[in-house]
Amino acid sequence: MTPLSLTESWEMEGRRLAPLLDGICSVVIAATDAALATSMALGVARAQGLRRRVAVADLIGEAPAIEALLTGDDPHGISDSFLYGVSLNKIARPMAGAENVFLMPSGTEAVAHDAVYANERWRRLAAGFHQVGALLVVVANPATPGFADLCAYVGALMPVGETVFPTPQGVPLIAPPAPPQPEPPPATPRPNAARARAAAAEDESSRRRRFLAIVAVLGSIAVAVGAFWPQIMARLPEPVAELITGKQREPDSTTVVVPPTPMDTSVRSDSAKRDSLLRDSTGTIIPTPDSIRAASPPLTVENAADSATASRYAVYFATANTRAAAMPDARVRALDAVALSPVAEGNEQWFRVTVGASSTRAQAESLLTKLRTQKIVGSGSIVSVPYALRLARNVTPTLIPTRLAELANRGIIAYALLQPDGSANVYTGAFESPTQATPLADSLRALRVAPVLVYRTGRAF
C-alpha cells in the first residue's frame, strides 16, 4: 500500500474534522502553505457535502487542487463577481466527483488583495448561507491584506499547518488541529497459526453442505427481489433510486449559492444579467425595487445632540433580497431590538436583519457571543447602525406590548428601548446613514404614520 502524501493526509484530516462544522454555515480555512489549506478545505467540503450544499471559494488564486476539480471551461470566478458584478450563481461550478459541492474559482484577475478580502459583501454572503443552512468554505492566505476583515465578515476561522500565524481577535477558532503525519506503510500481516490449523482440520464435506445451503438461500432472495423490484424502486427516495440505477440528474449550479448579494461596485454594461431573484418584490409596507430612489428631501436627525450616546451597535443577522426571505422566525423575533430594515444598494433593494441596540461595542460583542452559544446565529458580526425611525416616545413600559402588536398588525416590525427616565421609545429600522432610512420613511407616511429620524437611544428591556 502506497503511503499517503502530506496533502492527502490533510484532506483526510479535513474529512475527520468536518463534524466540527455541523453547526456552522461559513468558515475561513487558512494556512501559510496554500496547498495544505486547499486540501483541508476539500476534505471538509466532501464530508459536509454528504448532507448539505457546500461552496468552496478560492482566495488563494488558481489553487491547483481546486482548478483540477472544476467542470466546464468558464474562466469567471470570485474576482469577476466582486469587482465586475458577475453573478455568483454563474461562477459556482459543480465539483467533479461530488454532486453536492460547488467550487468558486478565483477568476480572471488576482484575488489576493484587500479589495476582495476586505469586501463587506462577504458578510452578506455568509448570512445568506446561514439563512438556507448551507456551508461556505473560504480558502485564504493569512498574509494577504484584509485577512482580518475577511475572517470577521465570514465569522469563523480554521487555521491549518505547522506554521503559526496571528489570528484576528474576536473571531471564533475551529479546533486548530495538530498537523497529521503521512501514514507509515502497513506491516506485512502474519498468518494466524491457530486459525490456519483450525481451517485445515475443518471437514471438507461440512464446508460443501454449508456452501450449498447459502447458495439456495441467496437464490430464493434474488427471486423474491426480482418479483417486487418495481415496487421497491417506487418506494425508494429519488436520490437513492438514482444512485442505484445510475440515472443521475444534471448538477444544478444555480441552486448552490444562496440568494445573490448586491455588488459593492457599479456593474459594467458587459457584466452578467441580474438573477431572477433580484426581480422579486414583496413587502407589506416596503417600496418595490422600482421605487427605491425616494423623491422626498433628505431626512433631518431630530436629536443630533444624542449622537455620542446613541445605541449604535447591533449584531448583524442576515440579508435577503425579499422581505419574506428576510423575515426572522419566532425565535429571533423574541430577541430584543430586532430590526428589519429595507436598504437600497445601487438600483437594488435589500432587507437587513439586525439584533440588539448597544451603546458600546463590548456590549454588542457580549450579545454576539451569547447568540452564538445559543446557536441562534452561526457567524454574525457587529455593525454600527445609529439611526432609526422613531414612531412613539415617552410610552409607559406596560403599554409597549400592546403598541408593538398594533404596529405588527399593520405590517410594521417595531421594537422598544427603555429610556433613562423610565419611559420607552418605539423605533423601526436600524440604519447606517440618514439616506438609508428614506425609503422606509416614505412608506410609513403612505400608511399615515409619522416617523421621525433620530439617533436611537436607550437600552433593551
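Glycine is no exception: its Cβ is also placed from the backbone N, Cα and C atoms.
Given the ranges 173-202, 353-382, the record in TrEMBL names 173-202 as region 'Disordered'.
Mean model confidence of the domain 'SPOR' (307-385) amounts to 87 (pLDDT, 0 to 100 scale). Assigned with DSSP, the residues of the domain 'SPOR' (307-385) fall into helix, strand and coil as follows: 24 helix, 31 strand, 24 coil.
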